[in-house]
Amino acid sequence: MDSARTEYSNGIPARSVPKSRQDSTKAPELQAVEGRNWLLHRHYSRKEFGICKILVQEELERTRGKHEYANYIQGLILRHEGKIQESLECFQICHSLNQRNVDNIKQVARSLFLLGLHNVALEAYLEAQQVSKTPDWDIFHNLGECWLRLGEHGKAKEALRQAVQLGRHERSYIALANMYKMEGEMQAAIDIYKAAVELFFLRASPDSAQLATSLGLLYLQEGKYQHALEKLGGALARDPQCAQALLAAGAMMQNHSDYDVALSKYKIAAQSWPESPALWNNVGMCFYGKKKFVASLSCLKRAHYLSPLDWDILFNLGLVHMATQQYASAFHFLSAAINLKPAHAGTFLLLAITLRHLEDPDNATEAFKQASFLAPLDVSVPLNFAVFLESQGDLEGASLQLVRFQDLAQVTPQISSELLQTSSQLSKSLNSRLLSDTSSKASATGTDANDKSHIEVEAQVRVRNHPIDSSPESEPRNNLADDEV
């Protein structure tokens with residue numbers, strides 16, 4: 001009975017086997033180094049960086065700093081926080097732990113690129129290209145960026161072309177199109193954007209609205225307004241809240257004096273882009289076009305606060321102050337605009353008119369001469385100069401400037417009727433004064449001269465159809481978009 005109840009193992013009763021011998025037969029349980037990688041990846045993908053940092057620290061302490069993925073995640077987080085040098089050190093540790101991992105080399109190169117060490121970054125990307133078993137669009141794209149910074153435009157274009165063929169990513173299309181724009185090959189840039197728009201519209205990609213907007217801006221720059229309107233309309237159909245497309249479409253309406261429609265588009269854009277200097281600049285000039293000068297100055301001063309070194313905004317501030325007869329303030333803003341862009345003739349022209357009202361004829365004369373030098377084919381400059389000289393009693397000089405205006409008017413298409421009317425009245429006044437040989441400066445053209453200055457002011461409105469520094473290469477990018485986990 002007892003033997004029936006007893007179980008045997010290898011001829012020895014199981015109950016008689018020592019416990020220590022039973023435990024010794026089990027293999028020791030060792031925790032894998034990569035056991036919590038999935039958890040790090042999940043928290044990083046959710047952008048839960050606080051929890052991610054705690055887990056990374058635990059893993060590094062457990063492995064004495066030799067955890068490759070924990071160092072990798074820590075490098076990505078540090079770079080996202082703007083600590084580029086610290087991120088570089090983390091990626092270098094990853095590379096020392098696994099020298100055949102292409103991603104480690106790419107991240108080292110990326111940090112070097114962000115530090116401005118383009119030569120060293122180029123070498124790192126070339127090393128990554130050699131280690132990679134298959135062609136990688138990201139490597140070719142960043143090689144193109146490095147070559148571009150080093151001035152090797154030919155090599156940069158070739159690398160970006162290969163990136164486009166391999167990956168067909170938005171960034172590569174934009175970078176290649178910007179290269180063509182830099183070299184003045186606008187048609188080639190348009191072709192690149194057209195290919196990108198067709199591809200990403202078929203994919204229903206969220207980037208397609210931005211690409212269509214960029215293509216519309218290129219068409220605007222080339223004067224192809226119908227094509228521009230079509231692409232901007234397509235961008236808004238894809239994303240009705242696309243601020244850049246709304247701004248560009250509003251600028252087109254504004255240039256055709258349709259201020260109410262333009263303001264309606266700016267109102268929508270302001271909901272997602274309330275801190276855009278170009279947006280407030282355009283809103284201010286819409287109010288200027290509607291003769292609401294107080295509202296115009298308020299919007300322009302907000303734009304100036306957001307971008308104090310933008311010469312377009314300074315120009316418009318000077319222009320509106322002239323319209324409100326605040327010539328001292330106008331002089332202040334126009335002088336600042338000239339310091340930022342000294343080669344713009346229109347600014348010197350407005351400055352000359354302002355100085356005339358400030359009773360500074362000597363400096364006004366110099367400003368008119370500089371405007372004539374910078375824009376010898378601009379018909380408005382000699383006419384304004386002639387009006388000024390006639391008001392100063394220099395009838396001979398005014399006659400010479402009027403003759404110059406008439407010569408330019410014969411070869412200039414689409415001259416404003418107000419300019420032609422002013423020139424006709426000025427011609428009659430000069431002829432009568434030369435015949436009578438009087439020295440009176442009070443003539444019937446005094447009022448017309450003031451009207452002419454206002455006509456010129458309206459013609460010189462600076463409307464922004466794109467945001468300041470809005471070219472795609474200058475837009476801030478989230479570093480996380482470039483990082484692979």
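Each Cβ is built from the backbone N, Cα and C atoms, and glycine gets one as well.
Quick look at what TrEMBL lists:
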- 1-28: region 'Disordered' (REGION)
- 137-170: repeat 'TPR' (REPEAT)
- 209-242: repeat 'TPR' (REPEAT)
- 311-344: repeat 'TPR' (REPEAT)
- 437-448: compositional bias 'Polar residues' (COMPBIAS)
- 437-485: region 'Disordered' (REGION)
- 449-461: compositional bias 'Basic and acidic residues' (COMPBIAS)
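Nonlocal intrachain contacts for the repeat 'TPR' (137-170), taken as residues 6+ away from its ends with a CB within less than 8 angstroms of a stretch CB, comprise 106, 109-110, 113, 118-119, 121-122, 125-126, 128-129, 176, 179, 182-183, 192, 196, 199-200, 205, 207, 210-211, 482, 484.
Broken down with DSSP, the repeat 'TPR' (137-170) shows 29 helix, 0 strand, 5 coil.
Per-residue confidence over the repeat 'TPR' (311-344) averages out at a pLDDT of 94.
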